[in-house]
Every structure is written in C-alpha cells, then in structure tokens.
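See below for the structure under consideration.
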Amino acid sequence: MSARGQDIVSIIKEQIKEFGAPVSMTSVGSVIEVGDGIARIHGLSNAKYNELLEFPGGVLGIALNLEEDSVAAVILGEDSNIKEGDEVKATGRISEITVGKGMIGRVVDPLGRPLDGKGPIKAESTRPLERIAPNVVDRKSVNTPVQTGIKAIDAMIPIGRGQRELIIGDRSTGKTAIALDTIINQKGGDLVCIYVAIGQKASKVARIVALLEQYGAMEHTIVVAANSSDAVALQYLAPYAGCAIGEEFMEQGKDALVVYDDLTKHAWAYRQLSLLLRRPPGREAYPGDLFYLHSRLLERAARLNDKLGGGSLTALPIIETQAGDVSAYVPTNVISITDGQIYLEPDMFNAGIRPAVNVGISVSRVGSSAQTKAMKKVAGKLKMDMGQYRELAAFAQFGTSELDKSTRMQLERGQRVTEVLKQGQYQPVPAAKQVAILYATLNGYLDNIEVGKVRDYESGLYRFLEANFASVLTAIAKENVISADTEKTLKTALDEYKKGLVV
C-alpha cells in the first residue's frame, strides 16, 4: 500500500474513533381514534400512567387509560389538527410543573406555562403533579394559626397551618371572598399563597388577579388557572399543580396556603373525562373513584415534623352546593376528608350578615389549639354563646314580653356580637384589633350602644387605640397573650374611650 493510501486509512480510523453520535430510543405510536379531547393510540406498549405524550405540532397529552392493545390519552390543548394515523411520541416524563420562588407573583397554567405575558419563568426545579401524601410519622400536630383577618373565623372556627378547612355554600354567598381576604391578610407575613382557579371564566380570574395586585397580595401569591374555555384535562390537573407548587415550599421548611376554587367544577371535569374514557359510571354518573380523586389531593396538606423542616401546607378547598344541600354526593365526600368546614348560609347573606358564616353547622376539628392564647381567652365561649343566641332569637320571634331579664340581656348582647362579627369585603382585621373589640363586646362595653351604631363604635375604637394606646395593640400582637398588665391597660383604654363617646 502506498504512503498516500496509508494516510487515508489512518485518517478514516481517527474519524471513526472520534465519531460519537448519541444513541437514543423513543417509543412511538399512532393515533387510531381522536375526538372530544381524547385520543386512542396504538403502539405505546411501554407507556406509564400519567406519562406526557407528544402529538404533532408540540401538543401534549397524558396517558390515563392503559389498555391491552391501546392507550387512551387526554389532550392538553387544541385537538382539531390531530388526525388518525398521526405519530405520537412517549416523552418518558410523568406530568410535572416548574416550582420555586420564581413562580411567586405569576399566573400560570397547570403545566407551568405563563399566562400573564411577563415572559418565561425562572424555574428552579420541577415536581410531579401527583405524589403520595406524607405519612403519619412525618407529620406534626397543628398548633400555629393562619390569621384570616375575618373575625367570625379567627374567633370561632380557627384555621391552623397544615389544616384542611372546607369553605362550602351556595352560589354567590361569599366563598371566594373569604379565600381572597385570607390571602390579602398575609401581606407582610411569611405565608406563600397559591390560588387555583378551576373552570372559572377568564374574566373572573383576570378580576381576581387585578384585585390581588391592587392590595399588594401578588407579592406572595401564585395563581394557577385552568379556565372554562381550556381543555377539560387542564381543569382536572389544576388542583394537583397548585398542590405541587405548595409542597415545594413546605419541604423547604416554609408555610404555604393553597385555595382550590372550586372542587365541584373539578369533580365535573373528572366525570366528563371518565365518561369519555369509557370508564364505568356510578352514582350521579360520577366514576367509582371520585372519593379518591379528592382524598389523594387533600391528604397532601400537612404540617411536617421538625426533622423534615417543620414546613406546612394548608388547604382551603371550596365546594358549591345546590339549594343548600350539604348532604349531596361531592359535598359529603369532601366534608369527610377535611378537618372542618365553614358553611355560608344564603339567608344570612341576604339579610346583610356578611360573612354569612353559620356557626351551628361550621366547625374546625383542630379547634383552639390553632388559636393564640389572647384569642382563646376572649373567644373561648363565643361559639357556644352565638349558638344559644340563634336558638333564642328564633324563639323570640313569637314575642319578647314574657322573657326574663337575663334572657333579654342575652338577646341584646347577641345582637351586638352579630354586628361586631360583620365585616366588609377585602377589609381584613389584624389579630390584635380583633382581640380588643371582642374583649370589649364580651365584657359589656357595648351593652349601652345602639345596635345600629356598633360598627361606628368599632371603627372609632380602632382609631382611638392606634392614636392613644398603640402599646396595647403591639403587646397583644407580639406576645399573643393578654397579660395582667396588658388587660389592665386595655380596660383603661376602653373606659376612656367610653367616656369620650357620644352615644
């Protein structure tokens, strides 16, 4: 062989050695049927449950039914361009979402894609949407309050960090308002809030985002939105996405709050998906695993023990009832999963008692362990007293002339407490001020005030305390206890305010 020929051979050998094309294997199938947001695919025999699939044009889908000779997938986008015979690739990734601090202040869809036009999100990491809930050993008892800023709730139905408290009521009774007030009240605090909008109108979600921005709440809030015009599969995934975002903060030792608005629409979306996937229907055409749908979501809310960082994820699911029927299928399911419920009554709402919390049906199973000692001291008997007042008020409709003096006094005080517990929307009250007004009410300082002037008394008291006795409010807020000295100063303040009051 000539020298030139040897040179060519050596060059070829060198190039062969340097050649290192990466070898990859992709599982590919083909669409055999498509329609109503569902695609049946042949050939993806190794597909996993909840695996992301890629359709032509970059449209994603999720494998939900793994059958003997095909896979049924829900399409997470527009399906009009997908046709029979199209190639489908398995991505090998389980459905996931970007998580981390970069999400705060953003509006995203359930796959973490931004919807607010503020550019791409700086992702710190990703998390799977579905995850097994923390077990009993990993948890810690709930003993730190989530201050909602709503007097009726903080005093009588306290919510703790790591609790799951259901907000339930008919349409237009103020369910979303309670959740938004709670988010707004966390301004300047350490609680990261996630608001999940499921099947809402895009205009309503835009209004909520604008409202949160107006009150400075988007600085600690993430909005996950799957609108009514979006694919039903996105509505099904939305709460799990919100939960995954919250879990990231919980596992970093921080506290997070997630609002699911609302799980009734989530159940409807799952029913629609299940029927399209030809799963056998059960009661009210819901699939048989409807309870598991919500239990596996809500069980992920927890307070972790100190070894795991002591973080927490609090859940506020919302359920819409029809004509006050709390015993319907979806409401009873969620009531049995959660640690209590706040029931909003249409009659109270229409009578101007807002928030329209029905104290008799509402309950917090965590109870006073999620209250500060100061609130516990002033509101200890309030729930029972209000329950008794409601019974007496119903009885007194037949006339009060024959009632004894103590019963009449109880009715009078009950009317004043009801007025004190009324509150305007988006006007959360700090915990120290709540303690002050409840102390005044339950110790008879409002007994001589006309019922119609109670709200004026309350707003005047707040201004008076801020101007002349700010140290009392500071002491209650810092110590979370009404010490003997603080109580003495508070009594002095209330006496002075009463003297200067023109009734």
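In case you wondered, yes, glycine gets a Cβ from its N, Cα and C as well.
For reference, Swiss-Prot has these:
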type    : residues                                                       : note
BINDING : Gly169, Asp170, Arg171, Ser172, Thr173, Gly174, Lys175, Thr176 : ATP binding site
SITE    : Ser362                                                         : site 'Required for activity'
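Sequence features, as recorded in Swiss-Prot, placed on the structure.
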| residue | record | DSSP (3 states) |
| --- | --- | --- |
| Gly169 | ATP binding site | strand |
| Gly174 | ATP binding site | coil |
| Ser362 | site 'Required for activity' | coil |
### Query
Which has the fewest other CB atoms in a 10 Å radius around its CB: Gly169, Gly174, the listed binding-site residues?
Gly174
### Message
Radius 10 Å, atoms counted are CB only; among the binding-site residues Thr173, Thr176, which position scores highest?
### Response
Thr173
### Message
If I take the alpha carbons of Arg171 (ATP binding site) and Ser362 (site 'Required for activity'), what is the distance between them in whole Å?
### Response
17
### Task
Work out how many Å separate Thr173 (ATP binding site) and Ser362 (site 'Required for activity') at their Cα atoms, rounded off.
15
### Task
Could you check the recorded positions Ser172, Ser362 and say which one's CB has the fewest neighbouring CB atoms inside 10 Å?
Ser172
### Summary
If you measure between the CA atoms of Thr176 (ATP binding site) and Ser362 (site 'Required for activity') and round to the nearest Å, you get 17
### Summary
Neighbouring CB atoms within 10 angstroms of the CB of Lys175 (ATP binding site), all protein chains considered, total 26
### Task
Determine, using Cα-Cα distances only, which of these binding-site residues is closest to Ser362 (site 'Required for activity'): Gly169, Asp170, Ser172, Lys175.
Gly169
### Task
Using all protein chains in view, find how many other C-beta atoms are within 10 Å of the C-beta of Arg171 (ATP binding site).
11
### Message
Cβ within 8 angstroms of the Cβ centroid of Gly169, Asp170, Arg171, Ser172, Thr173, Gly174, Lys175, Thr176: which residues besides those meet this for the ATP site?
### Response
Glu320, Leu344, Pro346, Phe349
